[in-house]
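Annotated in Swiss-Prot:
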COILED    209-248  coiled coil
COMPBIAS  355-365  compositional bias 'Basic and acidic residues'
COMPBIAS  377-390  compositional bias 'Polar residues'
DOMAIN    3-149  domain 'MPN'
REGION    288-390  region 'Disordered'
């Protein structure tokens, strides 16, 4: 007995097994055929060899483990019919994928195989075991497979061959006898088969093959356009989803930024309010502690005479510039420091002129005024603008 599996079926099975998150199982669909080989030697001795070949065309995976049996290994026939439906007669075996295990059938798998052989009515039912092994450092991964045909005494291992997979010589390249199950192909053959096939199925004219080829190409183009349109729709939907996700992320970021800015402004406002209140309370306490600074000192003649350093008669009031005090108060009230300085300088000059005036009058009224008149007086101008007697 030998077995063969098509290349695309084997690659699909390996891809599904390698990308599965856990162990999984399913059924193998195909057919069993007999091959008769005649060998003739130089001595005209013929030899006939009969070989039973199991051809695996496709696989039908189950949704999860224990989908058609329980933990004790009892097969549920209703679940089995629901999975296989009308493909029950095409089942030639079943498979199981395990990770990091030995390539041997377990006791539960042997019980399941016996029940499936009885329920499906397939005496040549086979079991394909696929194992996935990786090294400790996960640098090397190996996918191993073995095909069993359980007997009464032991589990017989059957050689599994894959057409078009082997050496690159021309002899190894051959076409597998896999039936075509495409509905479009069957429809085209049914429409154009009468033109170039006889009743016995023999081809009439080779030129009609091009018509069939063109018809098949049109069908393929139509299907390709439909697939392309569906892919475009999926691509546009995916782009729209990505755009919406980007907008959501941007709005979330803007909202967080606004909240952070509002919080920082609130903190700055609170700090400024506290600082202003602290400064106001400090100024009020300082002003209360120095009440003499609140009102200017009263003007007295003794203070003016002591400042000038010259005795003046008591009946002479201190002359003031017209509007100087009022102007000074107004400027202080308006908060103009430069104007205050100007008024103060004008008042100082006025006081100095009045002081000179007092000195000259005092000399004129003194008893020695005659002698003073006889002696010449020289006035010199000092750098500060005051008049001094020499």
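For all residues, glycine too, the Cβ spot is worked out from N, Cα and C.
The helix, strand and coil residue counts that DSSP assigns across the domain 'MPN' (3-149) are 40 helix, 65 strand, 42 coil. Tertiary proximity for the coiled coil (209-248) is limited to same-chain residues at least six positions away from its ends with a CB under 8 Å from its CB atoms, namely 184-185, 188-189, 191-192, 195-196.
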